[in-house]
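Enquirer: Got a structure for you, written out below as structure tokens; questions coming shortly.
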Amino acid sequence: MMENTGGPYLNTAAVTSPVGIVRLLQIMFGCTTFSLVAHQGGFSAAYGTFCMFVWTFCFAVTVFIITCEFTHLHSCLSISWGNFTAAFAMLATLMSVTAAVIYPLYFVQLGCYPIGCEVRDFRIAASVFAGLVFVVYAVEVFLTRAKPGQVTSYMATVSGLLKIVQAFVACIIFGALVNDSQYSKYVATQWCVAVYSFCFVVTVVVVAFSVTGKTALLWFPFERSVVVYTFGAVLLYVSAAVIWPVFCFDSKYGSPQRPGLCARGRCPWDSQLVIAIFTYVNLLLYVVDLAYSQRIRFVSHL
């Protein structure tokens, strides 16, 4: 005779709650997207491979999340589940919007030649569902975000979500750096690379400690350290926001205008411009983060 230990074995709210329904839609739209691409739409080169990775990765992790919540297995994991799901939802939103832009930009065309009308239609359909994947992940971020006065996981707060965005923007900067940006030409631009790298590493460490729920085990006040780091990151990015444009676009060191002989996709000036733009983007993100981080309290066990 089996003894009832109290409480159901399955958590039906994992698939019937608003967040659960949104996650089911994520699985459905994600599976549809990469199935359309794999079946007939097709993909090639690094851009197509990245898009396929995004859709399959987000699909797999979402299936894992729903399975763990439906079966209560997440209670057996030694991580902060609330921080993990909030961080992943934000990351998936950023990755899926990137794929939703890249795939139609490089693979969709209005005419049938030379790929054929059937392949074109599959690619258009895949692009539509890729957009829906982004929408449903953005909806999850909206539903699970921290409300004013609510006790919730750090990664669900504005400051926590911004940490994911900051790291993602830094990855875009790194991608432009390795694309023939000529950052090693001056010591000043090498300093900027050091700023991007340092802030990225520390931001990832903050996210890692929050997701693993180990902040309470540290011998120093993690909450105050994060605020101090964010202030330092603002100062570092201010220096990069001044130095990088000067040494790349001033006529004394670089070129104020795009050289006419630069090949598309392999022009150092283009990479330098991308880095400059996203340097200012991340600076703004760190400033907003600093403003919000002074009004929150860490809860590592949610």
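Every residue number used here counts from 1 along the chain in the order it is shown.
In case you wondered, yes, glycine gets a Cβ from its N, Cα and C as well.
What TrEMBL shows for this protein is this:
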type	residues	note
DOMAIN	14-149	domain 'MARVEL'
TRANSMEM	20-38	transmembrane segment
TRANSMEM	45-66	transmembrane segment
TRANSMEM	86-110	transmembrane segment
TRANSMEM	122-143	transmembrane segment
DOMAIN	154-298	domain 'MARVEL'
TRANSMEM	155-179	transmembrane segment
TRANSMEM	191-220	transmembrane segment
TRANSMEM	226-249	transmembrane segment
TRANSMEM	273-292	transmembrane segment
Enquirer: Is the transmembrane segment (226-249) close to the transmembrane segment (122-143), in the sense of at least 3 CB pairs under 8 angstroms with a sequence gap of 6 or more?
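Expert: Not in contact, no.
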Enquirer: Short question: which residues 6 or more past the ends of the transmembrane segment (191-220) have a Cβ under 8 Å from it?
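Expert: Distal contacts: 78-80, 83-84, 87, 153-155, 160, 163-164, 166-167, 170-171, 173-174, 177, 183, 226, 229, 233, 236-237, 239-240, 243-244, 275, 279, 282, 286, 298, 300-301.
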Enquirer: How about long-range neighbours of the transmembrane segment (155-179): same chain, 6 or more residues beyond its ends, C-beta under 8 Å?
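Expert: Apart from its flanks, the transmembrane segment (155-179) reaches 82-84, 86-87, 90-91, 94-95, 141, 144-146, 193, 196, 199-200, 203-204, 206-207, 210-211, 266, 271-272, 274-275, 278-279, 281-282, 285-286, 288-289, 292-293, 296.
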Enquirer: With DSSP as the reference, give the number of residues of the domain 'MARVEL' (14-149) in helix, strand and coil.
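Expert: Helix, strand and coil residues of the domain 'MARVEL' (14-149) number 113 helix, 0 strand, 23 coil.
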Enquirer: For the domain 'MARVEL' (154-298), how many residues does DSSP put in helix, in strand and in coil?
Expert: 109 helix, 0 strand, 36 coil
